[in-house]
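Novice: The structure that follows is given in the form of C-alpha cells.
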Amino acid sequence: MNSGTKISNFDKRDRLITTLLTMSRIFAEIVMTILFIIFIIVFAKTYFLLFTPQWFSVFIYRLNELLIRLIHFEEIRIRISEYKNLGIMEVILEPYRYTAVLISCILFLSILTGVLLAFFVSLLPERWQSIVHKFIFFIESLPDVVLIFSIQLFIIWVYKKSAVLLVNPIGGPDDVYLLPILVTSILPSVILFQMTAMAMEEERNKAYVDFSYSKGLSKGAVLASHIFRNVCVTVFSKIQFILWFIISNLLIIENLFNMNGLFRFIYKNLHSSEVLAVCLLMIFLPLYFADYIGKWAANRLAGERSLL
C-alpha cells in the first residue's frame, strides 16, 4: 500500500515537473518570437543604413524607442483625420474583430468541407474517386487571384443577365462576409481534402482495418469508427499550417474585395512601426495558442496524455 502511494506521488511529481517545463518552454518561445518580430520591424526601418557607421546606433535607438512605445501601447495614437487622433485600440478593434470572425468561419468551413468531402469520396468506386481527385488537382493549380476574379466576374455576369445580385462582390462601408468566406475557404478545403485522403489511404493499409473488415463491419462503419479518428489527428496537428495559408489568402482578399479588415489596416499604416508591431502581435499570439490547442487535441485523439 505504501509502495503504491509512493509511485502515485512520484507520478504526480513527474507530471508537475513536465507541466512546468512545458509552460516555461511555451513562455520562452512566445517571448523569443515577440522579440524576433520587433527586431525584424526595426531592421526593415533601418536597413538602408546597414553599411554605414551609424547603422548600429540608429538600430539600437529605434529598437529601444519601439520597445518603450509597446510597453505603453495605450499611448499610441493614430490619425483619423486632419484634426482627429484616436488611441490604437479604439481604431484597431473593429477591423481586428472583422478579420478574426472571417478567419474562424473560414477555418471551420475548410475543415468541415475538406474532411467530409474526403470521407464521402472514399466511399465512391475507384473510377469516381479518380475523377474527383483530378478535378481537385485542377482547382488547386489555379492561382488565387484568378480564382477570385473569376468568381467576381461570374457574380457580375449573373447580375447583368438577371438583375439578381447573388452576393455583394466587393466591400465598402458595410462589412461583407459570405463571399470572402466562400472564396477564401476553397483552397484550404482542397488542401485539407488531400491531407485527409492521404491519411485515410495510409490508415487503410494498417492491420486493424483488415481485422475490422473480418469482423463484418462495413466500409462506412470502419471509416467512421476507426479511420476517421486517426485522420483527425493529422488534421488537428496541421492547424497552424492551415491558418497561415488562410491568412496569406486574406492578405489578397481584403484588398481585392475592398474590405475593412486588419490586413488592409496594416497596409494603410505600414509607415508606423508601433502600429505594425501591435497588429503583428495581435495576429501571432492567437495563432500560436491555436497551434498548441490543435496539437493538444491531436494528442488527446491519439491517446497521449503528455503535454506538448
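Just so you know, glycine gets a Cβ as well, placed from its N, Cα and C.
Found this in TrEMBL, in case it helps:
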type	residues	note
TRANSMEM	20-44	transmembrane segment
TRANSMEM	98-123	transmembrane segment
DOMAIN	111-293	domain 'ABC transmembrane type-1'
TRANSMEM	135-157	transmembrane segment
TRANSMEM	177-195	transmembrane segment
TRANSMEM	242-263	transmembrane segment
TRANSMEM	275-294	transmembrane segment
Novice: Take a look at 20-44, 98-123, 135-157 and tell me which one has the most Cβ pairs under 8 Å to the transmembrane segment (242-263).
Specialist: 98-123
Novice: Other than its close neighbours in sequence, what residues sit by the transmembrane segment (177-195), given a CB gap under 8 Å and a spacing of at least six beyond its ends?
Specialist: 101-102, 105-107, 109-111, 113-115, 117-118, 121, 136, 139-140, 144, 147-148, 151, 155, 167-169, 234-235, 238, 242, 245-246, 249-250, 253-254, 257, 259
Novice: Output the single range from 20-44, 98-123, 135-157 maximising the number of Cβ pairs under 8 Å to the transmembrane segment (275-294).
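Specialist: The listed stretch sharing the most Cβ pairs with the transmembrane segment (275-294) is 20-44.
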Novice: Taking residues 6+ outside the transmembrane segment (20-44), which of them lie with a CB under 8 Å of any CB in it?
Specialist: 59, 62-63, 66-67, 70, 273, 276-277, 280-281, 284-285, 288, 292, 307-308
